[in-house]
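Data block below; observations after.
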Amino acid sequence: GGGGGGGGGGAAPPPKQDELQPHPVKEQLPGVAYCITSPPPWPEAILLGFQHYLVMLGTTVLIPTSLVPQMGGGNEEKAKMIQTLLFVAGVNTLLQTLFGTRLPAVIGGSYTYMPTTISIILAGRYTDIVNPQEKFEKIMRGIQGALIVASTLQIVLGFSGLWRNVARFLSPLSAVPLVALSGFGLYEFGFPVLAKCIEIGLPEIILLLVFSQYIPHITRGERQVFDRFAVIFSVVIVWIYAHLLTVGGAYKNSGPKTQISCRTDRAGIIGASP
């Protein structure tokens, strides 16, 4: 301010009103193709939804695969547990997208409950049961009861608004290590499984990287097909490749563990499902 010198023009101009206002909410974020008010067209939405379901199959299938045998169950019980997980995930996702935060995420199974679930499976009260079917059912009821109690606590935390007040104090500085550590925690589930059948697991990772990171830089087109559908492309290609290896007899004389990990016809879940 020149102090209104010269013609005695009076005081400095008042501060602009718009500087004091918060920024208006943007309907469309720069660099983001689809926001809440601009969803993708239906055919693309269905394909993207199916891709998300493929990504989520990891937790949906791996959790029952590792837990059910310890509970005394076989392939039929595995199939039932996968069906239940998929059904409940669907209901949860619908509730979340209609009434919840509306984030485009499938609410599926979580590895967080694995250690506590295993402690229930190994509990002393179930060791005397001889019949595997009965053992499976009793352990399953015990796990379901524990999950109901645990979820009640989460419901109270959510609806009371307690968590909202805690989340206010979480800066990006505390959120980033939290998310990173949860991601690193999943490596121990992913990489040993990949190593069981390296000739199928490694091409999958390489193809996924090529489709999602390299091809978009080469094409530079308007249509982001390759990076958007990277999982579908890589999974389909590698599954066909694995199936050709299976049909061609590549694993005919290999051990049972390799056959279960590498062959496309050894899961037994489709055949066993009622």
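Backbone N, Cα and C define each Cβ position, glycine as well.
Over in TrEMBL, the protein carries these features:
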type	residues	note
COMPBIAS	1-11	compositional bias 'Gly residues'
REGION	1-23	region 'Disordered'
TRANSMEM	50-69	transmembrane segment
TRANSMEM	81-99	transmembrane segment
TRANSMEM	105-124	transmembrane segment
TRANSMEM	145-163	transmembrane segment
TRANSMEM	169-190	transmembrane segment
TRANSMEM	197-216	transmembrane segment
TRANSMEM	228-251	transmembrane segment
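Counting only same-chain residues 6+ beyond the ends of the transmembrane segment (105-124), those with a CB under 8 A from a CB of the stretch are 52-53, 56, 59-60, 63, 66-67, 70-71, 85, 89, 92-93, 96, 139, 142-143, 146-147, 150, 185-186, 189. Panel annotation: around the transmembrane segment (197-216), residues 224, 226-227, 229-231, 233-235, 237-238, 241-242, 245, 258, 261-262 of the same chain, lying at least six beyond its termini, place a Cβ under 8 Å from a Cβ of the stretch. Here the transmembrane segment (145-163) has long-range neighbours at 113, 116-117, 120, meaning same-chain residues at least 6 beyond its ends whose C-beta is under 8 angstroms from one of its own.
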